[in-house]
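According to TrEMBL, the protein carries these features:
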{"type": "TRANSMEM", "residues": "B:6-32", "note": "transmembrane segment"}
{"type": "DOMAIN", "residues": "B:13-75", "note": "domain 'V-ATPase proteolipid subunit C-like'"}
{"type": "TRANSMEM", "residues": "B:53-78", "note": "transmembrane segment"}
{"type": "SITE", "residues": "B:62", "note": "site 'Reversibly protonated during proton transport'"}
């Protein structure tokens, strides 16, 4: 019979599965960093401006990873 | 019947699944390193600036991998 | 009924799943090595600087693979 322990177990399993999403920002942010390095190599004097726009883009790409983290924490601490 | 051992088992399985996210930063950071190497080859005099922005981007790309590590450790030591 | 053997079994399964992450650094570091080789071919005089930044990037791309290794070892030796 399904009971409260089943619910807790599924919540914890779900928390782990949610974190898989973190692979996306990891890939995307790395690509952004790659083009940042390339751009600085081509125009070192623009390094400050290149860094600013790269960090902005990386910060925006981080959001879905944070969504997963929030959901995982909710599953773990409020539902398990 | 589902019991505390079921919950612990799911927590440990979830911890392992959460770590899958680490493949993302691995790919992204490698791409960043690839363009860093290319940029230094083209403009060795800007190596310092290229290294700075590459390391910054790689550090930011690491974050979701660390989120997964944190969730895995929580699942293992607080919930299993 | 779920028992201690179930917990151990899930811990060991989770340890194996955690290692899937290793495919990411493997791909990324290979891309970094590919561009490192290309850059040295184009500008052999900068080989030292290219090698330095490539090795730095590859070392940083290794980290999430090490996280997975640590979690797998914890699951195997502390929880199974």
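Cβ coordinates are placed from backbone N, Cα and C, and glycine is handled just like the others.
What TrEMBL says about a protein is an automatic prediction, not a curated fact.
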Long-range Cβ neighbours of the transmembrane segment (B:6-32) (under 8 Å; 6 or more residues past either end): 54, 57-58, 61-62, 64-65, 67-69, 71-73, 75-76, 79-80
Average the per-residue pLDDT over the domain 'V-ATPase proteolipid subunit C-like' (B:13-75) and send me the rounded value. 98
I want to check the contact list for residue B:62 (site 'Reversibly protonated during proton transport'): same chain, sequence separation of six or more, C-beta distance under 8 angstroms. What comes out? B:25, B:29
When secondary structure is assigned with DSSP, how many helix, strand and coil residues does the domain 'V-ATPase proteolipid subunit C-like' (B:13-75) contain? 61 helix, 0 strand, 2 coil
